[in-house]
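According to TrEMBL:
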ACT_SITE  322  active site, proton acceptor
BINDING   25, 26, 30, 174, 175, 176, 203, 322, 349  3-phosphoshikimate binding site
BINDING   25, 96, 124, 176, 353, 397, 424  phosphoenolpyruvate binding site
BINDING   449, 450, 451, 452, 453, 454, 455, 456, 457  ATP binding site
DOMAIN    16-433  domain 'Enolpyruvate transferase'
DOMAIN    445-653  domain 'Cytidylate kinase'
Ligand SMILES: Nc1ncnc2c1ncn2[C@@H]1O[C@H](COP(=O)(O)OP(=O)(O)O)[C@@H](O)[C@H]1O
Ligand SMILES: Nc1ccn([C@@H]2O[C@H](COP(=O)(O)OP(=O)(O)O)[C@@H](O)[C@H]2O)c(=O)n1
């Protein structure tokens, strides 16, 4: 996940490959609640691991469920209708799929509970659900604004509930109110319980998921059209034992769109197929209408670009409210204006999504019309795209769908602010996108300079702030030094050919900040001064330098790279957009290295270090191949009198200066 304040996605021009998507949020949270209400143990496979499922799991644990976890498999011992903990204060983040059903279940289970969430959750309506529950005799108070969380739930005796008359619930604001009642009311099914929907029910496919999963847990709800639902007397939750969660069809929408937009041999999605029980799978119909070629099997989808530009669309998107946001970005690549209708529910989601989409699409240069329940997006012709910093409003879907704007024909990058909001449903979204996307040019920042000038420190920090990859090219020479010693060689010219062979085939792996050579952790061994000396000597051998070129270039991956070394800007990445030549006086450098080594418990003297350092400087700058010198277009940075933070700030400032978007 990118925990950076922003993520710059360079202009993308193609995509091909296979993606495995995380489990569906809607299915995951419903299954968790049903498993908790049932008796017996349920093993849930492929459960989504995200903010919204985490708050649900935490809440269930607070209620006394015993939960075991092994990767994406969760074992949950159900409560069998009896709470183990009859009072709790539950924090439910911004998860509507936790807040609504838990409100209903806890109102019936009998106990004192407080349910709250993030500020936005306290702006998301719940009054219609609370009204339906209070009709029955449940006792619920608003702790803040009437009609909205936070809530206080008080106990009632289940046999005092009034279940004779149909329970009326509004269906035209959020289908989650009905889902909440359907999931929870089997707790009270001593007689048939009838629920009548008031108003036109929206997002019907989500109700189908609810009914489908209830059936898996032994509850056969009868349905008369979409107005009346009956939970049969005597209904009891029965754990199915094992259950698999499908991949998230809403998350699939971004990759379906990707296949439709990007050049390449197509995208294959594993984990969900056209027969999915999730309503958002119907996004494939809309994508086909816009010109995508889509094939499907029981558990996979395969998408490729067909019509181009895409065909404009005018649809009622009420049945796919979440996935439809993706259509709004696809519309930029269409042959005319596209209209998404009947989407009033967008206004009460994680943010007001109609306003959010309209504002951010406009930043790209698009003309957008919006009303209470529709949005119309005009396509953006080549030449009209603007590089934009996209605000994401703490809404994962805004962040994900705007990444698709990076395929614009004008080669403009897209900046996504607060990209970590994708953690709500798809923490690895951007990594997954980058695993299949292609760009004309992955941005690179080079930091070259003499030993102990602070290159490593600066490079790691700049890479961290930008969410970029990091190349410590010196470590490759250091590892080569270790490998040749192990082969019984000295770092001399007479062994150049053998050493070059070794360098070419280094069994090297970088994992979790460690450097592994043939599986052995050599992270500390390569940092000794002796290893540094060997590296310095081996790096003068032209054959070795050539042998390491491809390996170094292979680090250039989306979304970008910061590379530390001696010849990054001159030889390895001559086309880098920013090259920094970092220096400090020999005196400062010797002092810094001294401190660094002492702090690691390695004893050494300042004098010997300074002599080593000057010898290394000389060898670096006088060797015949790739000598240490600033690239012609490098910016010089002498950090003798700077703190690390000042150097980092300077480089980030230079980087921002050459970006096409305004400061965020
Ligand atoms: N601008 C700076 N001011 C003071 N100390 C610094 C600065 N930059 C780096 N250092 C310190 O100098 C030491 C050497 O830095 P390092 O990044 O290992 O250098 P290099 O990679 O160039 O050999 C580190 O302990 C680091 O904290
Ligand atoms: N791109 C690079 C990186 C390092 N090197 C050499 O490899 C040695 C080790 O590099 P390093 O960056 O880990 O070490 P420092 O000397 O900066 O501490 C340096 O002394 C350089 O001579 C190089 O020649 N070219």
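The backbone N, Cα and C atoms fix where each Cβ goes, glycine too.
These numbers come from a predicted model, not from an experiment.
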**OP:** Translate the DSSP assignment of residue 453 (ATP binding site) into the three-state scheme.
**Re:** coil
Original post:
For the ATP site given as 449, 450, 451, 452, 453, 454, 455, 456, 457, which other residues of the same chain have their Cβ within 8 Å of the site's Cβ centre?
Top reply: 458, 564, 582, 584, 589
Original post:
Near residue 176 (phosphoenolpyruvate binding site), which binding-site residues out of 30, 203, 349, 453, 455, 457 have their CA within 10 Å?
Top reply: 203
Original post:
Among 424, 451, 453, 455, 457, which binding-site residues lie by ligand 1, judged by Cβ under 6 Å to any atom?
Top reply: 451, 453, 455, 457
Subject >> Rounded to the nearest Å - Cα separation of residue 397 (phosphoenolpyruvate binding site) and residue 25 (3-phosphoshikimate binding site) >> reply: 13
**OP:** Have a look at the binding-site residues (25, 349) and report the one with the fewest Cβ neighbours inside 10 Å.
**Re:** 349
**OP:** Taking the Cβ of residue 451 (ATP binding site) as the centre, count every other Cβ atom within 10 Å, in any protein chain shown.
**Re:** 23
**OP:** Using CB under 6 Å from any atom of ligand 2, narrow the binding-site residues 25, 30, 96, 175, 451, 453 to the ones that qualify.
**Re:** 451
Subject >> Separation of alpha carbons, the residue listed as 'active site, proton acceptor' and residue 449 (ATP binding site) (Å) >> reply: 50
